[in-house]
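The structure under discussion appears below in the form of structure tokens.
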Amino acid sequence: MSVATLQRKLPEAAPRRAGQTELHPELNRAQVRFIGLGKTYQGQQGPVQALHDIDLSIQRGEVFGIIGRSGAGKSSLIRTINRLEQPSSGRVLIDQVDIGDFDEDRLVALRRRIGMIFQHFNLMSAKTVWHNVELPLKVAGVPKAERERKVRELLELVGLKDKHRAYPAQLSGGQKQRVGIARALVHDPEILLCDEATSALDPETTQSILGLLKEINQRLGLTIILITHEMAVIRDICDRVVVLEHGRIVEQGPVWEVFGNPQHEVSKTLLAPLQHGLPEELQNRLQSHPTSSDAALVLSLRFTGSSHEEPDLAALFGALGGRVRLLQGGVERIQGHALGQLLLAVQGSSLEAAQLRQRAGQWAQQVEVLGYVV
């Protein structure tokens, strides 16, 4: 078996109806589109609005991340894609078709085009790996020979071909999630929804699952839409990201752009664990003015990804003059862009603080003078 046997020609967008308005090229490529989407629940104390006027497009074949604090509306949003949640207002379009008025038969067909995996694996403990994956095909009335072929291919794809007789209790968390992924792929979906799919896994297992999702995305052309509270997951796998707060979009864009230079306070808070904060020991020593001739000026340099090249540290240090020490930081690449932060201590330079800041600005997109230390 080859993964190629699972590949298929992705359907074209629905044909344009007579008199239908020509769409912007970006929207023509959109596989999932939310237009003015709202969702209200009836709570004990009255109506609770989970989503407010969401306008968002997700392109075919991309890995799209949705982040936000608890209660921001993330799960409500993705569950409208397969109509597990019915919007209170607005529309959801898949391949430019409004799914709002689908009858039961069309909903069943839609849900087979959309796979879903969860934080909790939802496997049947009394069934083997093979039968857990096979069950949706059996329910759909797929002939036995076709079921066997499909299950065999999928277990090979997710790296579990030698575990087909095992029961869930005999599997690790990562292996259970691989079964969940295989089960989500049985109907050759075009879209895969991931709701906190790695939250219950250890870091090493998380990386292996992310590697599998990347492979599925690249080889099968699958659109992946994922929710996570782990910002490193978004950084490692997503093409674009949207930030929700109280059911509203507060920021969206390419991952490198949002991570490199977050604009909204919610984004900054969510991404703070990935940032290099000022060490407490250094913070306690910082002073606003130099107290001796050997005091060092502390600069914070941020690289927000607008350059594809890593900073030339030798040239930077030379331009600052004096003795330059790297206190903390690093630069990494996200989607080919250089992002990161450096904390530098500059001692004995003939340049004033404003001049040092200006010089450093030739390499870094954001430069801040933090103070002086001895």
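Cβ coordinates are placed from backbone N, Cα and C, and glycine is handled just like the others.
Among the features that Swiss-Prot reports, ATP binding site is placed at GLY68, ARG69, SER70, GLY71, ALA72, GLY73, LYS74, SER75, with the record citing sequence analysis. For 32-271, the entry in Swiss-Prot reads domain 'ABC transporter'. Per Swiss-Prot, region 'Disordered' is recorded for 1-22.
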| message | I want to verify one value. Collapsing DSSP to three states, which class is GLY68 (ATP binding site)? | response | strand
| remark: Cβ proximity for GLY71 (ATP binding site), under 8 A, sequence spacing 6+, ordered by residue number, returns HIS246
| request: List the residues of the same chain that sit at least 6 positions away from GLY68 (ATP binding site) in sequence and have their Cβ under 8 Å from its Cβ, in sequence order, or write 'none'. | output: LYS74, VAL243, LEU244, GLU245, VAL266, LEU270
| note | Taking the centre of the Cβ atoms of GLY68, ARG69, SER70, GLY71, ALA72, GLY73, LYS74, SER75 as the ATP site, the remaining residues of that chain with Cβ inside 8 Å are LEU244
| field | Lowest local Cβ density among ARG69, LYS74, which the record lists as binding-site residues, within 10 Å | value | ARG69
| request: For the domain 'ABC transporter' (32-271), provide the mean pLDDT of the predicted model. | output: 94
| request: Enumerate same-chain residues with a sequence separation of six or more from ALA72 (ATP binding site) and a Cβ-Cβ distance below 8 A; give 'none' if the list is empty. | output: LEU244, GLU245, HIS246, GLY247
| request: Report the same-chain neighbours of SER70 (ATP binding site): residues 6+ apart in sequence with Cβ closer than 8 Å to its Cβ, ordered by sequence. | output: HIS229
| note | For the binding-site residues GLY73, SER75, the largest set of other C-beta atoms within 10 Å encircles the C-beta of GLY73
